[in-house]
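Novice: Pulled these features from TrEMBL for this protein:
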DOMAIN    21-85  domain '4Fe-4S Wbl-type'
BINDING   CYS22, CYS52, CYS55, CYS61  [4Fe-4S] cluster binding site
Amino acid sequence: MDTCQLPIPEPASQDWRSRGSCRDVDPIVFYGPDRERAAARRRRVASAKAICQTCPVKRACLRQSLRFPEPHGVWGGLTADERSNILMERALAGREVDSAAT
């Protein structure tokens, strides 16, 4: 049986995560609970985006979520739907994903 080895990221390539403003925040702020009501979701997303707004690694976070599409949560100050729209626009324009985060 063939096995597949996943690449092990170099510590330096993931270092930005340890500097994120979200590092000590409960992940529920960025991902939300199941069956969340619309008003509660809007408040939670606004809170998550506020944390991202002044984050020193916001661009790296967004870039990561666009390179390896993250279907849930707030990453780099954008929701999954907002990131999906960026990816769709870039695909339609024939542009690289990395250019969306710059």
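Every residue, even glycine, has its Cβ placed from backbone N, Cα and C.
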Novice: Non-local Cβ contacts of CYS61 ([4Fe-4S] cluster binding site) (under 8 Å, 6 or more apart, same chain)?
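Specialist: Within the chain, CYS61 ([4Fe-4S] cluster binding site) has Cβ neighbours under 8 Å at TRP16, ARG17, GLY20, CYS52, CYS55, TRP75, GLY76.
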Novice: Please list the DSSP helix, strand and coil residue counts for the domain '4Fe-4S Wbl-type' (21-85).
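Specialist: Across the domain '4Fe-4S Wbl-type' (21-85), the residues distribute as 36 helix, 2 strand, 27 coil.
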Novice: Compute the centroid of the Cβ atoms of CYS22, CYS52, CYS55, CYS61, then list the same-chain residues not in that set whose Cβ lies within 8 Å of it, in sequence order, for the [4Fe-4S] cluster site.
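Specialist: So the additional residues around the site are GLY20, SER21, ILE51, VAL57, LYS58, VAL74, TRP75, GLY76, GLY77.
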Novice: Using a 10 Å radius around its CB, how many other CB atoms surround CYS52 ([4Fe-4S] cluster binding site)?
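Specialist: I get 21 for this one.
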Novice: Looking at Cβ-Cβ distances, which residues of the chain lie under 8 angstroms from CYS22 ([4Fe-4S] cluster binding site) while being 6 or more apart from it?
Specialist: VAL29, PHE30, ALA48, ILE51, CYS52, CYS55
Novice: How many neighbouring Cβ atoms, not counting its own, are there within 10 Å of the Cβ of CYS55 ([4Fe-4S] cluster binding site)?
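Specialist: By my count, 19.
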